[in-house]
Every structure is written in C-alpha cells, then in structure tokens.
Amino acid sequence: MLQQRSLKTLTRAVGVGLHSGQRVELTLRPAQPDTGIVFRRVDLPQPVDIPVRAEAVTDTRLASTIAQGSAKVHTVEHLMSACAGLGIDNLHVDITAEEVPILDGSSASFVFLLQSAGIVRQNAPKRFIRVTRPVQVREGEGADAKWAQLAPYHGYKLSFEIGFDHPAVDATGQRVEFDLGRGNYRRDIARARTFGFTRDVELMRANGLALGGGLDNAIVMDDYKVLNSDGLRYDDEFVKHKILDAMGDLHLLGKPLLAAYSAFRSGHALNNRLLRALLAQRDAWEVVTFEDERQAPGGFAQPAQAW
C-alpha cells in the first residue's frame, strides 16, 4: 500500500514575513492520518485552525493567502511546495503571525526543516486526485493572454513558460518542465528563489508591502541586470521558481495531484481558479489509492532522502 506521510517529530524556524516584515515563529508538528495540512494562528487570543483546501484561498495578490473567518495566513506557497515535493500529507503548522516566514526566498529551507524532523509513513492509504480529462482556465487576449491547464497523466508533471521582457531573464530559459517521477525536487526546483524588480519593490514598500524582502531572500533586478552578488542558483532560476510556486498553489487542493500541469504566464490567482474549476467539474477527476506500490507513479513510492 502506498501510505500517507507525516513528520517523525516537530521542528521550528524563526524568520520574517516577506511583505509584513514581521518576526514570525513557525512550528511544524506531526499530524494523524487523514488530518491534511492545517495552519494554526497561535498568536490570536483564541487559536484558529485553517485547514488547507482550494476554497480556503481568499487572496492571491503577490502570494497565496488562506483564511478561516477573519484569521488569515499569507504567503503559504513555498512551504506548501516543499510539502508537495516531499509528499507530506499530514502536518500541523503553528504560526505566530499572519505570514509564513520567507527564509531564503525559496523552499529549500522548508525542505531542510521537514527532512530534519524525519518523514514517516503512516498506516493509511495515500489518496490522490487523478485528473481524468483536461480542464483549462484563461485570462486576457492576445499579448495579455495567460492560461493554465490540468490534463490526465500517470504521475505529476509541470510545464511552465514565462514571458518577461528583461535582459537578465531573456539570458536564461523562459520555459521549463519538471516531472516528479524523473527529476529530483530538492535538487532541481527547491533552491529557486522568488524574484522582483527594484522599481516594483519601491512601489510595494510605499504601499506597506515587501517590507521583509532584500538581496538575502530574493533575486533583485534593476532594468538591466541581476543585483545579487552571487548571481543565480540555476541557469533558469526565474521560471523554476514559477514551477515551485505552482506546486505550492496546487498542493492547496488538499490532496496530491496525478496530472500534467501546463501554464503560460500563470500566477497564484489563475492557479487557484484552475483548482476551483477542476473541483466544480466532478467528471474531470476521481480519488484513487494504490494498494500495490508498484502500480504507483514514479516519484511517490519512496520518501526523498535527507540532505
């Protein structure tokens, strides 16, 4: 039986929120089978649980935000991406502020935290949402067009194309494909950092955003070049970060996907629209388990090795 996964023990991290600049403490704790991933705002007078699901997403401007009533958690996508890449099904996430810490701007620190705590198999079948026919969402026309699609695939594959007209981005790949069954999330995707432009950062800070951002947790560019002294971690780091974000956004479905995801200039908003469109078309998906691990797609049978 292909089993669900959680942590062996708890682990903690301290950092700042990318947009709020607030200090935040994060505690990742084991959870029982079939719990799912549940965020808990422990800083509130009465702690509030926010279970991960597509419908819990309430804001997608600059990041993915989930909420339960008035309690919110912003910028969940990098932690969720690490959970997707490592196959984590059940997890308690205790947080002392309204934004997940940005750490180094990628998901690598979250991967390290999760693997340091130990990943264990649980005595319950891992449940997938398997896409049975294509579902697509689109936005804009012509040069402004954006789209994202899920199609049937025996595994989990993501293909993303960006369209940034910038010398530093043009010099790298603007399209990448990652197959969880053939690649290695930790090696190929996890270290890709979020990125932004100085002109946008100045505007965001004037509006009380990006207060925790800087060269130590993002790729920053002026109109011509990358400003980080250490350059890029991957030749195609920009588009690989979009794959990282997409994996996090799609893991907000609450169950791992068996599908081929493809997108052109998509973002948090379109990714969430895609999940909602999928769920609304009940004939486009089914829940499946694998009693025989040998029948499971590649990339899901064995937990990733520790660093």
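Every residue, even glycine, has its Cβ placed from backbone N, Cα and C.
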Review point. Which of HIS19, HIS74, HIS78 shares the Zn(2+) site with HIS241, ASP245 per Swiss-Prot?
Key: HIS78
Check your understanding: Do any of HIS78, HIS241, ASP245 (binding-site residues) have a CA within 10 A of HIS268 (active site, proton donor), and if so which?
Key -> ASP245
Review point. From the centroid of the CB atoms of HIS78, HIS241, ASP245, the recorded Zn(2+) site, which same-chain residues not already listed sit within 8 A by their CB, in sequence order?
Key: GLU77, SER81, SER106, SER107, ALA192, ARG193, THR194, LYS242, LEU244, GLY248
Practice item. Check each residue in the chain of HIS78 (Zn(2+) binding site) that is at least six apart in sequence and keep those whose C-beta is under 8 Å from its C-beta; list them in sequence order. Key: VAL100, ILE102, LEU103, GLY105, SER106, SER107, PHE110, THR194, LEU244, ASP245, GLY248
